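When I checked Swiss-Prot for this same protein, it listed these features:
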TRANSMEM  1-21  transmembrane segment
TRANSMEM  60-80  transmembrane segment
TRANSMEM  84-104  transmembrane segment
TRANSMEM  114-134  transmembrane segment
TRANSMEM  140-160  transmembrane segment
TRANSMEM  181-201  transmembrane segment
TRANSMEM  208-228  transmembrane segment
Amino acid sequence: MIYFTMFLLGGILGIALWFYLSGFITRLQQNIYAIYVELFPQNRSPFQPHFASIQQKKCGHILRYFFSIGVGFIFLQIAFKDSIFTVWIGLTLIILWTISYLDWHYQLISTTPCLWLLTLGLFGADNNFSLLTLSESIKSAASFFIVFYVIYWLAKFYYGKEAFGRGDYWLAMALGSFIHLETLPHFLLLASVLGICFSLIHRKKKEFLPFAPFMNLSAVIIYFVKYYGY
């Protein structure tokens, strides 16, 4: 019964994820247009999203999300045996995948899922799901944010343009709420190595290499290495 419940919960979350991703750019275009009209009401023009520089991409069939995430929740339940922890870690992985997907396809890290992720990190620390205490989680999140914020401005000053996106330091803050501050150098090194290896293997695939997927993968690896006590 618990496995069916987890499958159904995962499937429902998969459907919610599909709706979020399939309409993300459309909602973004509408928000930008609404802000433009509010700022320049005298220059109001018809809403023409098909002329926008960024367009919504297909994200697969809704049933793929339902079944894949539903089955994923079953495997998480089998692995961890704790239903509440399974839901917590499952939601975390869904948000990580969402951030990675958006950055990969649109070179955009929305602050909204980053704040969701931060909330889950702090919630997990406060309820003993995480490897950190609540105070450690807050300290680590703040430190990750500061370090990446400094890196952002140093890179911008050195290159004369944005080498990192502003979303990177918001994502770093969220990831920092899950892993110890002492692992920050390992986190940076592993994310960079993963990005470099991918770019060397697929050097002609992308002109711009999104960093969020490698940051997320680095955090997941470090978290589970610490979780299993290595």
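Backbone N, Cα and C atoms are what each Cβ position is placed from, and that goes for glycine too.
Quick one: how deep are these features, and who are their neighbours?
Long-range contacts of the transmembrane segment (60-80) within the same chain: residues 2-3, 6-11, 13-15, 17-18, 86-87, 89-90, 93-94, each at least 6 residues beyond the stretch ends and with a Cβ under 8 Å from a Cβ of the stretch.
Sequence-distant contacts of the transmembrane segment (84-104) (same chain, at least 6 residues past either end, Cβ-Cβ under 8 Å): 6, 9-10, 13, 17, 20-21, 24, 59, 69, 72-73, 76-77, 110, 113-114, 116-117, 120-121, 123-124, 129, 167, 171, 178, 210-213, 216, 219-220.
Same-chain residues lying 6 or more positions outside the transmembrane segment (114-134) and placing a CB less than 8 Å from one of its CB atoms are 84-85, 88-89, 91-92, 95-96, 99, 140-141, 167, 170-171, 173-180, 223, 226-227.
Panel annotation: around the transmembrane segment (140-160), residues 118, 121-122, 132, 166, 168-170, 172-177, 179-181, 184 of the same chain, lying at least six beyond its termini, place a Cβ under 8 Å from a Cβ of the stretch.
Sequence-distant neighbours of the transmembrane segment (181-201) (same chain, 6+ residues past either end, Cβ-Cβ under 8 Å): 136, 139-140, 143-144, 147, 175, 209, 211, 214-215, 217-219, 221-222, 226.
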